[in-house]
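Chemist: This is the structure, below, for whatever I ask next.
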């Protein structure tokens, strides 16, 4: 019996990869959140009273349908994570890894149910007993609610089993069960044992998470600032997803009862309140970690920084960088994707980025102090309209333009002063940058709109790339020889920035079209290596 050992990765690389896997369920969460937000707001009594035509039965049926569809992602959140993690981490046979992830998570909960039944805790309908043991219905199974953290742990274990056994060779008599077929088999066995351990160790995990949540809550209005600043500071390293998931989906982001059910995590609480017909208004303790905190920086601050960079560019270069700044501005304000603007100053002035992180965190605190209650994930204009304006004055959405305008002025003044006082080389400040922009625009774009062959060559060619993946805005790569990577050539071909993590791992910041660039590059690599 033999098996192929998976390549070893450092802890840093592992957390990089783990954070990347969160993007698949988070992307669906964002879409479902908008569906739920529109459906619930337009079917609310207050909106119908204000706009009677919306009370039409056909329209109300559509809005109710939107709410139902939108609530899907939040009802099956742990399941999505336990599937997405093996899918994203697996190097080969990703479909098998995802399938095994679901099997492992379901079997783990069945084993927990077995333990609870064997101990005489189940079956019961006593609400006090269920609450005392944190028992919920998961996939129709009464089990201990381990939330997102339990799903993440299950996903990681299944991924490790997949990497260890997906190429296993069994004796001829058992050969049918070898290879990829063995992965869900071993996953069900191992996760069945893990499920027996969960009731013994989970109270310790729960206490730790609750303690973290208590610490954040005890910080009062300073807590959101710690979160907002921390997220920005971790973003260049791709580790912010871990912090965000912890606050959004675990007890660290708070725990409340909504419609008779105990719900944990800031985003989960907000979405539960959205879909609960008896809820009037949203929890300030939950929304203070969500979209509203980003809005001062995203809708005001970064546009102010972009205008400052435009005004500080040489007059003859302004028309050359206008497209770069406008595309970054649209990505930020409309899509909530800030890297295209942030990476324009991150590398030339790291101190400015730290100031930006602090001001972003301060925005979280200011929104919290003002009692704004706008939830969801992105902090963009869509969230502002759907979860702010459409839900009425009770969200205090009218405070957002006021604070955003102040942040616009503050950012503009700080950036203009810093750029001119310290002669920072932001886009358009010197002739070399201008020629690089011209060169990039003059390149031969492919289907992605980028000169992917030139980007691949700047990375040292297909033979130099060990692994290729992407997140929302960045290519994530492992290379054999970092000395073969030409950073300037990457920037000449419209890369916004390059983050070298260590001797073999780097990230190339592309922007919103990174998925198209990655797919085109993967196809090109396959052709070259075939």
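Heads up, the Cβ atoms here are built off N, Cα and C, so glycines get one too.
The following feature annotations were taken from Swiss-Prot:
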type     : residues : note
DOMAIN   : 1-431    : domain 'PTS EIIC type-1'
TRANSMEM : 22-42    : transmembrane segment
TRANSMEM : 69-89    : transmembrane segment
TRANSMEM : 96-116   : transmembrane segment
TRANSMEM : 138-158  : transmembrane segment
TRANSMEM : 189-209  : transmembrane segment
TRANSMEM : 289-309  : transmembrane segment
TRANSMEM : 321-341  : transmembrane segment
TRANSMEM : 343-363  : transmembrane segment
TRANSMEM : 369-389  : transmembrane segment
TRANSMEM : 399-419  : transmembrane segment
DOMAIN   : 449-530  : domain 'PTS EIIB type-1'
ACT_SITE : 471      : active site, phosphocysteine intermediate
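Could you place these features in context, so I can see how deep they sit and what lies close by?
Modeler: Mean model confidence for the domain 'PTS EIIC type-1' (1-431) is a pLDDT of 86.
Counting only same-chain residues 6+ beyond the ends of the transmembrane segment (22-42), those with a CB under 8 A from a CB of the stretch are 54, 59, 63-74, 77, 80-81, 84, 87-88, 241, 245, 267, 271, 274-275, 375-378, 382-383, 386-387, 390-391, 471-472.
Sequence-distant contacts of the transmembrane segment (69-89), counting only residues of its own chain at least 6 positions beyond either end whose CB sits under 8 Å from a CB of the stretch, comprise 17-18, 20-25, 28-29, 31-40, 95, 97-98, 100-102, 104-105, 138-139, 146-148, 150-152, 154-156, 158-159, 162-163, 249, 268, 271-272, 275, 469.
Among residues of the same chain six or more beyond the transmembrane segment (96-116), those with a C-beta under 8 A of the stretch's C-beta atoms are 78-79, 82-87, 89-90, 122, 133, 135, 138-139, 141-144, 150-151, 154-155, 157-159, 161-162, 166, 180, 183-184, 187-188, 190-196, 198-199.
Among residues of the same chain six or more beyond the transmembrane segment (189-209), those with a C-beta under 8 A of the stretch's C-beta atoms are 103-105, 107-112, 114-116, 119, 134, 144, 146, 149-150, 154, 157-158, 161, 246, 250-252.
Residues 224, 227-228, 247-248, 253, 266-267, 270, 321, 325, 328-329, 332-333, 336, 338, 341-342, 344-345, 356, 359-360, 362-368, 372-381, 383-384, 387-388, 400, 403-412, 415-416, 419, 426-428 of the same chain sit 6 or more residues outside the transmembrane segment (289-309) yet have a Cβ under 8 Å from a Cβ within it.
Residues 235, 294, 297-299, 302-303, 305-306, 309-310, 313, 377-383, 427-428, 437, 472-474, 496-497, 509, 511-512 of the same chain lie 6+ residues outside the transmembrane segment (321-341) yet bring a C-beta within less than 8 angstroms of a C-beta in it.
Within the chain carrying the transmembrane segment (343-363), a Cβ under 8 angstroms from the stretch's Cβ atoms is held by residues 224-233, 236, 293-297, 301-302, 305, 309, 324-325, 328, 403, 407, 410-411, 414-415, 418-419, 422, 424-427, 496-497, 509, all 6 or more beyond its ends.
Residue 471 (active site, phosphocysteine intermediate) falls within neither a helix nor a strand when secondary structure is assigned with DSSP, and so counts as coil. Non-local contacts of residue 471 (active site, phosphocysteine intermediate) by the CB criterion (under 8 A, 6+ apart in sequence, same chain) comprise 19, 20, 23, 238, 514.
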Chemist: Please spell out the DSSP helix, strand and coil residue counts for the domain 'PTS EIIB type-1' (449-530).
Modeler: 35 helix, 21 strand, 26 coil
